[in-house]
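Chemist: Mind having a look at this structure? Questions to follow.
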Amino acid sequence: MAASHHLILLVLCLTAAAASAHNITAILDGRSEYTLYNSYLSETKNALRLLTLLDYFDEKKLHSIGSSSQLTTSLYQTTGQAAGDMGHVNITDLRGGKVAFASAAPGAKFQSTYTKRVADFPSNLSVLEVSDPITFPGLFGAPSAPSANLTDLLEKAGCKQFARLIVSSGVVKTYQAAMDKALTLFAPNDDAFKAKDLPDLSKLTSADLVALLQYHALPQYAPKASLKVANGRIPTLASTGAGKYDLTVASSGDEVSLDTGVDKSRVASTVLDDPPTVILTVDSVLLPHVIFGGAPSPAPAPGPAADVPASAPAPEGSSPAPSPKAAGKKKKKKAKSPSHSPPAPPADSPDMSPADAPAGDAVDKVESKKNGAAAAAVSVAASVASVVLAVAFLL
């Protein structure tokens, strides 16, 4: 067999999120010498994961290791399926300047050595060629996570209600078909369906329910680490060309939240991270604005003032306050001609002060004083006229 058929690619990256930003298939397009590597992609995911290191190594860094060894973590180790240190890779600089790779599992051999650089994106992604695959005894018999048992995974993760919905609606078939390509699923836990402000999902049409459930999935592999650096709008399985049913991702520290335009939900935990599929739980049902944007807000609870109706009857024994017009009529009715108004009589009781008198009596007293003054003025004028006439008669 030609030597070129034994070549396999080693992908070295700083983070899983950085790797997802580059299309490895596009990088290798047209390179027929990596056909063996492609066969490993179809045979087992675990072999590929062991060739993906969560650290950045370019040619310069590899040769700077010197005579020592360095242990680094592979993507296989992060799946939780690797027993012990099987998912760690030992990088050693051998004699003659060769750099070799081997699994840290007992019995693993340094059969894989660095050959050449294929492509690199400094401090982000490095694609290197190696002579042989990195393996350990039993690697190709190691089981991968079952893709068909989606509902069991959801039920064990405390998402039973969500599992029932995707089965009854038939959306589970859509999810399973996407799992072999790329799928990120946001599964609301059972407490999310008990929220008091959750709309009645049983009133949705079949089409809206399917759209709602498809809104909980992305057509891409996006683990939580990737979502932390993916701030902005992202399409879901329900998205249209017009951008409807998109989600907005925001992160703060280690927290990742999903904004639907109606509410926000926190990404809580990882149920499955098995590239190209990842299942994450969220703490509330994602309500797309397209369906629930026009839903009225719950009415606010009435305050203390609202407990008494505006039309409540007045307490017994009380009389309604007179209107301004009525008060004016009352004053006009009591007003008398200045010539006929006698001076106001003294108060019957010295104990009653003006402040104790009713408001209407106080007005009457003021009017009486004005009328008394006017009457006095008329009397004086009449007296003066009489004196003038008497003097004229004597003259």
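Cβ atoms are placed via backbone N, Cα and C, with glycine included.
All TrEMBL annotations are machine predictions without curation.
Quantities reported herein were computed from a predicted structural model and do not represent experimental measurements.
Grabbed the feature section from TrEMBL, which reads as follows:
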{"type": "SIGNAL", "residues": "1-21", "note": "signal peptide"}
{"type": "DOMAIN", "residues": "146-286", "note": "domain 'FAS1'"}
{"type": "REGION", "residues": "298-371", "note": "region 'Disordered'"}
{"type": "COMPBIAS", "residues": "304-326", "note": "compositional bias 'Low complexity'"}
{"type": "COMPBIAS", "residues": "327-337", "note": "compositional bias 'Basic residues'"}
{"type": "COMPBIAS", "residues": "349-361", "note": "compositional bias 'Low complexity'"}
{"type": "TRANSMEM", "residues": "373-394", "note": "transmembrane segment"}
Chemist: Tally of helix, strand and coil residues over the domain 'FAS1' (146-286) according to DSSP?
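Modeler: Secondary-structure breakdown of the domain 'FAS1' (146-286): 48 helix, 39 strand, 54 coil.
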Chemist: Considering every residue in the domain 'FAS1' (146-286), what is the mean pLDDT value?
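Modeler: Averaged over the domain 'FAS1' (146-286), the predicted model reaches a pLDDT of 90.
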